[in-house]
Amino acid sequence: MQRVLELLLLSSTALAVIGDGFIALPVHKLQAGEGSAHFPNRLPIFDVVNGVAKSVEDDVNQIIQPIFGNGIFSGGSIQGTHSGNGHSVKYEVSLPSSSSQKGSNGPSSTDNKDTDPSKTGFSLDDLMNSIPTDFWNLIGLNKAPTSSDNGSKDADFTPSAVSQVEQPTSKSVESTAPGPASSASSSSSSEAASSSQPSEDSQPSSSANKKTGAFFLSLDNTQTLYTATLKVGSPAQEVQVMIDTGSSDLWFISSGNSQCKVNGGSIDCDKYGVFDKSKSSTWHDNKTDYSISYYDGDKASGTMGQDNITFADGFSIENANFAVIDNTTSSIGVFGVGYPELEAVKSKYTNLPFAMKEQNLIAKVAYSLYLDSRDAVQGYILFGGIDHAKYTGDLKAFDIVQSNDKYVYSQIPLTSVASSLNNYTNAYGLPAGSNHPKVGAVIYNGTDSFNGGVDLKDTPTLLDTGTTYSYLSKDQVESIVGLYGNVTYNDAGKAYEVPCWVGNPGNYLEFNFKNEQYIKVPTSEFVISVGTYASGAELCVFGILPGTHSILGDNFMRSVYAVFDLEDHVISIAQAAYNDNHAVVPIE
């Protein structure tokens with residue numbers, strides 16, 4: 001049997017918005033190995049830093065892999081569409097210019113609501129008056145607000161950063177009403193943004209001067225993991241990392257990593273970049289050892305310290321805690337955005353999601369995820385905000401399930417899974433008359449009668465962008481695969497075989513959360529072609545794998561819009577809407 005699995009190497013642009021600004025970040029795809037068994041599975045095994053091995057059942061439930069970015073989106077206008085009162089208004093506003101400010105740098109960031117024209121080249125009033133009247137009417141104002149208005153926050157705008165709405169784009173806004181609570185209300189609020197290009201020489205500013213808002217980083221959809229670039233240290237060094245909702249530590253590969261080819265090892269560390277702490281004037285080594293092991297066999301060990309992390313010019317975290325890895329078999333670092341309980345050191349520290357609030361980049365330790373469709377070039381993670389244009393129906397909030405009375409994993413109850421098969425084209429290999437799966441187990445031909453489905457009994461399930469595939473218990477996976485015929489385990493692929501036609505367009509799985517939210521995922525996300533049988537027929541395996549922990553990875557997450565609130569301990573989900581629109585509202 002010959003197994004073949006090819007993944008394309010793609011590149012795209014990542015976005016960032018902090019406070020009132022938007023920044024574009026370049027990102028690049030990773031190339032995976034062959035077969036489902038070789039996809040990264042970076043579930044931490046235990047904490048080896050302090051010699052204490054926590055039980056796998058207590059200290060696991062995630063796999064690592066997603067990402068971050070860096071770069072700048074330059075723009076000279078505000079562009080967008082605002083919906084309200086049953087209709088929408090498209091707007092594009094060129095920023096006023098002045099002889100006092102020439103060149104491409106645009107207006108500088110400021111915390112002053114009244115912008116100084118001598119410094120920025122235009123005033124706030126100039127900017128507000130440039131926006132069409134229809135926009136202000138939509139949000140309930142008769143005219144543009146001015147710097148002398150001291151009333152409501154219906155339009156508290158500050159021309160302090162970059163914004164845009166065309167793909168790939170992002171925007172930051174201030175809501176006309178209090179931002180959505182952790183329950184992630186689906187009602188939209190008014191929005192606006194300003195446009196500029198940050199200076200190339202921007203340095204991290206103090207937290208007192210930072211504007212609280214929402215920012216997002218666009219992520220490349222590789223179907224294996226997501227990568228982007230961070231700027232680390234002073235002067236900044238660009239290093240690519242993976243972003244993961246299921247882990248909590250940030251670590252970079254050191255230039256001195258013994259496994260790098262340049263140091264006599266076998267790993268091409270230049271591919272994604274390394275961090276040379278000796279070249280950073282702001283690096284501080286706190287003399288704490290760091291070590292972690294993953295289920296895919298990778299290990300990482302090094303030293304914890306602090307330095308400045310820049311998501312885009314002018315938008316940074318000062319003295320961010322992270323590890324510099326001197327010995328690892330991985331070719332790329334990790335950016336975890338989970339609970340501090342998952343940190344691989346005994347003395348817990350303020351990881352980046354919490355540092356973002358601490359340094360006033362966001363008002364709440366919360367972020368939302370939109371990975372877009374399987375074939376999309378990019379998705380994004382939005383820190384401190386919700387993009388109401390990216391889902392359909394209502395966001396439903398679910399309490400995060402604790403582990404041993406602690407908030408450790410970003411997991412919610414999964415009640416059941418059912419299948420809808422509407423396309424039997426090229427169905428083969430089953431006895432005559434048996435192409436249709438078992439009665440009582442699936443939805444037939446698009447009808448809404450489940451007649452059962454697979455009961456998962458509210459299994460606590462991790463929502464993890466760091467996992468390529470998904471995992472359920474062996475019995476649960478076999479029950480789902482059994483919907484499509486005989487259950488056969490493929491030892492080489494470490495997965496269950498499934499008829500390839502199951503992945504035809506129009507077929508889907510429906511995931512039921514507490515009988516309150518139902519997420520439809522195309523079966524094509526779970527049907528993986530890995531080669532051929534001896535007969536020459538195509539061989540496919542199922543992308544929900546047997547495991548000791550329940551995880552919904554990238555092949556599920558592409559179909560859901562998810563808001564992770566690590567303060568109120570809830571995750572809100574809705575069916576993802578694939579479009580180019582944005583309606584960003586900060587979470588307050």
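Note that Cβ sites are derived from N, Cα and C of the backbone, with glycine treated the same way.
Residues annotated as active site in Swiss-Prot, with experimental evidence given as evidence: Asp244, Asp464. Swiss-Prot lists 160-175 with the feature compositional bias 'Polar residues'. According to Swiss-Prot, the feature disulfide bond maps to Cys260-Cys269, Cys500-Cys540. The feature domain 'Peptidase A1' is assigned by Swiss-Prot to 226-574. Per Swiss-Prot, the feature N-linked glycosylation site maps to Asn150, Asn286, Asn308, Asn327, Asn423, Asn445, Asn486.
Residue pair Cys269 (disulfide bond) / Asn327 (N-linked glycosylation site) shows a Cα separation of 12 Å. The DSSP secondary structure for Cys269 (disulfide bond) is helix.
Cα-Cα distances to Cys260 (disulfide bond) place Asn327 within 10 Å, out of the recorded positions Asn308, Asn327, Asn423, Asp464, Asn486, Cys540.
Ranking the recorded positions Asp464, Asn486, Cys500 by Cα distance from Asp244 (active site) puts Asp464 first. In sequence order, Glu497, Val498, Pro499, Cys500, Val502, Gly503, Val527, Ile528, Ser529, Val530 are the residues of the chain that are 6 or more apart from Cys540 (disulfide bond) and have a CB within less than 8 Å of its CB.
Cα spacing between Asp464 (active site) and Asn423 (N-linked glycosylation site): 29 Å, rounded to the nearest whole number. Cα of Asn308 (N-linked glycosylation site) to Cα of Asn327 (N-linked glycosylation site): a span of 22 Å. Asn286 (N-linked glycosylation site) sits 59 Å from Asn423 (N-linked glycosylation site), taking the CA atoms of both as reference points. Residue density at Asn423 (N-linked glycosylation site): 17 other Cβ atoms are found within 10 A of its Cβ, drawing on all protein chains shown. Taking only the Cα positions, the spacing between Asn423 (N-linked glycosylation site) and Asn486 (N-linked glycosylation site) is 19 angstrom. It is 45 Å from the Cα atom of Asn486 (N-linked glycosylation site) to that of Asn327 (N-linked glycosylation site). Cβ neighbour density within 10 Å is lowest for Asp244 among the active-site residues Asp244, Asp464. Asp464 (active site) carries neither a helix nor a strand DSSP state and counts as coil. When Cβ atoms from all protein chains are considered, those within 10 Å of Asn327 (N-linked glycosylation site) total 16, not counting its own.
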